[in-house]
Amino acid sequence: MNECYYDKRMDFFYNRTKTDTADEWTGPQLIGVLCFGTFFCLFIFISNSLVIAAVVKNKRFHFPFYYLLANLAAADFFAGIAYVFLMFNTGPVSKTLTVNRWFLRQGLLDTSLTASLVNLLVIAVERHMSIMRMKIHSNLTKKRVTFLIISIWAIAIFMGAVPTLGWNCLCDITVCSSLAPIYSRSYLVFWSVLNLVVFFIMVVVYIRIYMYVQRKTNVLSSHTSGSISRRRTPVKLMKTVMTVLGAFVVCWTPGLVVLLLDGLNCTDCGIQHVKRWFLLLALLNSVMNPIIYSYKDDEMWATMKRMICCSSEDKSQERRSSRIPSTVLCRSTDISGHYIEDGIIQGTICGKGDLGEKGNS
């Protein structure tokens, strides 16, 4: 019967697997990494909070697609929490961690990845349901969307807890991996292959849907006289989703490939030298998504800008309230957004007046 090592600290496993713990992450290098990580984590928290708030505030976003997009932003927000926890439990601190604390550190990262991945998969199903019927939004009810979101997080938490539940090498240290010294190599192979396969499936599905939309849109445009904005909206939503998916695949694939190589016990692949850079690349994914939402969706950007503007004006109003007791300092005027259903171009900026309109590209 194999001996189990639940009571050991992580230095025992790091030393046994000859894992290159971050002993050199001291002094200026460690400070630089912490400053870099802190800046991006703050951006992740603020920007993804704005995305969620925009979906809640703007009634034009009260559709299944945008609810799932907000949940993806919540997954990115959760990823920021996981990275903060990682920053304060990495480097020289890694060797001092207990087994349970190390499981928590990695479980948070695995949960955030799974939440994003499953959410993108559900969005693919939602897009398929709506696009194949040439509708902008699917007929999913709020109850079903709520159930899907709860299911996404249940799956994510379960997958993040799988190693803790028993798929580890604490009772058979001969199969321990190098990058994750208390994860068994078989688990790393399973985890990385599963995610890479799902990546491939989603990319194929989205390409097929996009080609279908383009073909149908071209056919319908020559036989209908409907709004150009209305015909282009499904294509624009698909471009947004495909950009998000593309960024996700690019940022996470290198790290998953490295885990796969470690699971296959590739000792000559130099994975120790690139693991930190690929982790930072994965962190950038949570930074990129809010930028993609605001860049690809004029209405999302207008809503986020309006919230920031109104917040700033509210603070000014408080400071000037004793001098201007009854002046309205923030009023809504329609500019540069768009109604999804009728193609009318509208938006709002606080306290700026009517600045005109622009066409929908």
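Cβ from N, Cα, C; glycine included.
Predicted automatically and left uncurated, TrEMBL annotations should be read as such.
Residues or ranges marked as transmembrane segment in TrEMBL: 30-53 (among others).
TrEMBL lists 47-293 with the feature domain 'G-protein coupled receptors family 1 profile'.
Under the heading transmembrane segment, TrEMBL lists 65-88 (among others). Long-range neighbours of the transmembrane segment (65-88) within the same chain, counting only residues 6 or more positions beyond its ends whose Cβ lies under 8 Å from a Cβ of the stretch, are 33-34, 37-38, 40-41, 44-45, 48-49, 51-52, 55-56, 104-105, 108-109, 111-113, 115-116, 119-120, 122-123, 126-127, 130, 137-138, 142, 145, 148-149, 152, 156, 237, 244, 283, 285-286, 289-290, 293.
Non-local neighbours of the transmembrane segment (108-125) in the same chain are 65, 68-69, 71-72, 74-76, 78-79, 81-83, 85-86, 148, 152-153, 155-157, 159-161, 163, 191, 195, 198-199, 202, 205-206, 209, 241, 244-245, 248, 252, 282, 285; each lies 6+ residues outside the stretch with a CB under 8 Å from one of its CB atoms. Summarising the annotation, TrEMBL assigns transmembrane segment to 108-125 (among others).
Here the transmembrane segment (145-167) has Cβ contacts under 8 Å with residues 64, 67-68, 71, 75, 100, 103, 106-112, 114-115, 118-119, 122, 182-184, 186-187 of the same chain, all six or more residues outside its ends. Annotated transmembrane segment per TrEMBL: 145-167 (among others), in sequence order.
Marked as transmembrane segment by TrEMBL: 187-207 (among others).
Annotation source TrEMBL lists transmembrane segment at 240-261 (among others). Sequence-distant neighbours of the transmembrane segment (240-261) (same chain, 6+ residues past either end, Cβ-Cβ under 8 Å): 72, 113, 116-117, 120, 123-124, 127, 179-180, 188-189, 191-193, 195-196, 199, 202-203, 206, 210, 269, 271, 274-275, 278-279, 281-282, 284-285, 288-289, 292-293, 296-297.
What TrEMBL records for 277-295 (among others) is transmembrane segment.
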